[in-house]
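Visitor: Got these off TrEMBL a minute ago, pasting:
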{"type": "TRANSMEM", "residues": "18-36", "note": "transmembrane segment"}
{"type": "TRANSMEM", "residues": "56-78", "note": "transmembrane segment"}
{"type": "TRANSMEM", "residues": "84-107", "note": "transmembrane segment"}
{"type": "TRANSMEM", "residues": "119-138", "note": "transmembrane segment"}
{"type": "TRANSMEM", "residues": "150-171", "note": "transmembrane segment"}
{"type": "TRANSMEM", "residues": "178-199", "note": "transmembrane segment"}
{"type": "TRANSMEM", "residues": "211-229", "note": "transmembrane segment"}
{"type": "TRANSMEM", "residues": "241-262", "note": "transmembrane segment"}
{"type": "TRANSMEM", "residues": "274-292", "note": "transmembrane segment"}
Amino acid sequence: MDWLSAARLRSVDVHNDVLAVAFALASALVIAWGTVVRHRISRRGNQNGSLRDSPIVTALTSPLWWAGMSTAILGYLLEATALAFGTLLVVQPTLVLSLLFTLVLSARMSRRRMTRHETVWAIILTAGVAVVVTLGKPLPGDVDPPADRWMGAFIVGCLALGTITWIATYLHGPRRALALGIVCGALFGYVAVLSKAFIDVVVHHGPGAALVAWETYGMIAGAVLGTVVQQYSFNSGELRHSLPAMSVSTPLVALTVGMIVLREHFQIDSVAGWVVMAVAISAMTAGTIQLSRRQE
């Protein structure tokens, strides 16, 4: 038996969608808390949204910001654990629920109640996620995708995100927050795919192999860059201007790149099934946009 066959057998042993969803939900909850805390810190600092007058210094001097970052790191570790048990096509839709948790926590910290409008869209979002995960029944993809797939995805991503970032330097206020929110969300989408690749290296080749794997350092670099861009985006305007873009672009980029590079796929073989999936994904997107607009 060659090493690839053995790897596939081991992947069957660890694959468990129930555990993947459970860890993804835990991750979504702690990521939401970290997001709320870091945004509240950014509002205490520079409010002009300048890319040159960095909000990072203000954030780094706040113990509460570090507490929020520590929670975000814990959330990421939980996400990585979820990816060890399931596919991106299961974990990423579940993580979208972090927006719902963010809304609840933000409302609580602001001492207000969720409105009927928010409750309805929260139900729609949750239903959309449930349909995608249960009806789609995603299957794992390639453990070691070829380099040309990665290169194509990185080239397209660098060109697109570089252009949006350049445009953002000429924008102000909500428009800058929106543009940087798109960049931040897309970066974390790539980080999610790299995280899955990193976990595959650990599971199938061992921790030692992960220390020398390029996916490990690409994942770390992407996470650091995404966090920096996120802080600039938060500083450029209210959370409702940047969060919709982040919340939508992260899963869309992660799922798209995951399907193209890793070859993950849904188990749907009928037109009716794809119609239902399209409706569910549309509901997820609409719910994400509507709820993120309610953030303060």
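The backbone N, Cα and C atoms fix where each Cβ goes, glycine too.
Show me how these features fit into the shown structure, please.
Guide: Taking Cβ pairs closer than 8 Å, the transmembrane segment (18-36) reaches residues 68-72, 74-76, 78-79, 81-83, 85-87, 90-91, 94-102, 104-106, 109, 133 in its own chain, all 6 or more past its ends.
Outside the transmembrane segment (119-138), and at least 6 residues removed from its termini, the chain residues within Cβ reach (under 8 Å) are 17, 21, 86-90, 93-94, 96-97, 99-100, 103, 264-268, 273, 276-277, 279-284, 286-288, 290-291.
Residues 51, 179-180, 182-183, 186-187, 190, 193, 229, 253, 257, 260-261 of the same chain lie 6+ residues outside the transmembrane segment (150-171) yet bring a C-beta within less than 8 angstroms of a C-beta in it.
If one looks beyond the transmembrane segment (274-292) by at least 6 residues along the same chain, the residues whose Cβ comes under 8 Å of a Cβ in the stretch are 93, 96, 99-100, 103, 117-118, 121-122, 124-129, 131-132, 135-136, 239-240, 243-244, 246-248, 251, 266, 268.
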Visitor: Taking 84-107, 211-229, 241-262 as candidates, which has the most Cβ pairs under 8 Å with the transmembrane segment (178-199)?
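Guide: That would be 241-262.
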Visitor: What else in the chain is close to the transmembrane segment (211-229), if you only count residues 6 or more beyond its ends and a Cβ gap under 8 Å?
Guide: 56, 69, 72, 76, 165, 180, 183-184, 187-188, 190-191, 194-195, 197-198, 201, 205
Visitor: Under 8 Å between C-beta atoms and at least six residues away from its ends: which parts of the chain pack against the transmembrane segment (241-262)?
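Guide: Counting only partners 6 or more residues beyond its ends, the transmembrane segment (241-262) has Cβ contacts under 8 Å with 87-89, 92-93, 95-96, 99, 102, 141-142, 145, 149-150, 152-153, 157, 173-174, 177-182, 184-186, 188-190, 192-193, 196-197, 230, 233-234, 284-285, 288-289, 292-293, 295.
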